[in-house]
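Copied from TrEMBL, the annotated features are:
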type	residues	note
SIGNAL	1-16	signal peptide
REGION	21-64	region 'Disordered'
COMPBIAS	21-32	compositional bias 'Basic and acidic residues'
COMPBIAS	37-52	compositional bias 'Polar residues'
COILED	116-150	coiled coil
DOMAIN	169-200	domain 'EGF-like'
DISULFID	173-183	disulfide bond
DISULFID	190-199	disulfide bond
DOMAIN	238-330	domain 'Fibronectin type-III'
DOMAIN	331-417	domain 'Fibronectin type-III'
DOMAIN	418-510	domain 'Fibronectin type-III'
REGION	491-512	region 'Disordered'
COMPBIAS	499-509	compositional bias 'Polar residues'
DOMAIN	598-690	domain 'Fibronectin type-III'
């Protein structure tokens, strides 16, 4: 069966639509009436040729260029025996039409009867589709705005026996170009802003310049780039991460420490989240120069996850995390300090529960060593254990007792110094000096060798030699703002003992070393060193750590080295700072902290200590006591305890019959109407016993 379909590719401006409207209507009616027409009636080649010649001779103006019409005829011949397509014949002719001349638009179909019996229903459907196509073309021409209309359709009908089907000639485009482009020759030509074989993908500005990804028509830039097309380089987020760790964990608090990264942040954002379901999250912001923070008000026995992020210029750095678990309710946080070759002092926090007694156990890690136990009152927060073995690792445990019930254990570890070693520490550090203190070892050295080494490359080493009976030494002429490592070794009979070390940093030039002393429930006395710079004025500021408390300022003369501040609140923690001023310029700030005594407490100190006696002095508290209870306790294992009771109006007491060369801890408590006030303590060491010279007369 031979099927011939002809469609027009029309390039026609909109202004010619009115001249052809009547002809289109006539042709549409004719198409319905006469489905069998001849293709040759579309146009005559000779007429078209003469018409083309005529247009050239008239030399039309640019506004009157002829309209080019392409007429395509195609035939598909079907071999009904082999069921294969034998050939496809295409004939095309080009005509030049004068603008404004009548033009008949028609679809002419030549069907050969008898070859496709039973296909009448399919042909009726085909005629309806072609009529619909004519109406669409007419509507397009009536509504177009512009100079060009394109119509190009060439479906082909193929029959085989009683079956008929319609197929495309290959000029259809995928997904109709997603309504975001036009179809030309079976390929989509996308409108601006779209791409892809079906124009289904958005195009971003400059394709994001290769520095990002296109998402819904917008660029998502890679790190370090910004702008609509990701062409601008931007500063990346801070890359400096910190290392965070927890320390001093109690049942309700924790202290966090972190390293300073290479990036100087302006703020740190800290988040603490309990792992218990339903517990709230705590957040806090601290200054970018801080490296530690203490969080209180935590729940006892809870596991927490803490995270920290630095912020600079509105950009957040990477997150660092750590975890910790608060102590059970009633537990204490214990730590060791002042470890020598034979002794240690342990300190612990006061828990929320007020215990009546603490049970302390020391256990050496060396197999077979016995366990050492001690029991102290529930108001104590420190204890010194003597008689330990040198160079041993110990585990110390503590738990409280109340009404016969025991609280949870808390433990820590320490290692005693080797035999003959000393425990050294620094104090009173200024911008040019430091004072060292050390313990007397079991070995009596004849000489101590002390070495100061600055951690700054190129600085010289300072050495000093002092007598074996000394326990302190002050080194001057140090460089300001330097970190020093100091070591000490004892010598006896030409043999050197083990080395002990500590570190300190001198203050910046012009700074002072500030410390507090004689702290009562309402006052404190400050002492500071004279710096290398002679200031005219010192500016002192007291700030209570309790929220809402006011700041107390004070100014004193530049030649003073001490100041007493009255009118403080009892039981408060204060931070005090001092700055020197000269010629209107301020020196570096020095700070210290202290806590005023609880209401009713006294400040006690020792004086006039001999090898067998000591005098203690105390301040009068705001409460007038009837009696003071004083206790002297030797820190040596098995040492005796001496108690005394004096009148409430006294402020000093001398205790005799003390043992020579002993370290004593003395405590005092006031009593009024049968109720005891808070305890105050101090320590002192009696002098070595000196033999007497006896003369005999004959």
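Just so you know, glycine gets a Cβ as well, placed from its N, Cα and C.
Cα spacing between residue 173 (disulfide bond) and residue 199 (disulfide bond): 10 Å, rounded to the nearest whole number. Same-chain residues lying 6 or more positions outside the compositional bias 'Polar residues' (499-509) and placing a CB less than 8 Å from one of its CB atoms are 417, 421-426, 429-434, 436, 438, 478-489, 531-533, 588, 590.
Cβ neighbour count for residue 173 (disulfide bond): 19 (other Cβ atoms within 10 Å of its Cβ, all protein chains included). Residue pair residue 190 (disulfide bond) / residue 183 (disulfide bond) shows a Cα separation of 9 Å. Residue 199 (disulfide bond) is 10 Å away from residue 183 (disulfide bond) when you measure Cα to Cα. For residue 199 (disulfide bond), the same-chain residues 6+ apart in sequence whose C-beta sits under 8 angstroms from its C-beta are 177, 178, 180, 181, 188, 190, 191. Confidence over the domain 'Fibronectin type-III' (331-417), given as mean pLDDT on the 0 to 100 scale, stands at 88. The Cβ of residue 183 (disulfide bond) has 17 neighbouring Cβ atoms from other residues within 10 Å, across all protein chains displayed.
Cβ contacts within 10 Å of residue 190 (disulfide bond), excluding its own Cβ and spanning all protein chains shown: 19. Remark: secondary structure over the domain 'Fibronectin type-III' (331-417) totals 0 helix, 46 strand, 41 coil, with classes taken from DSSP.
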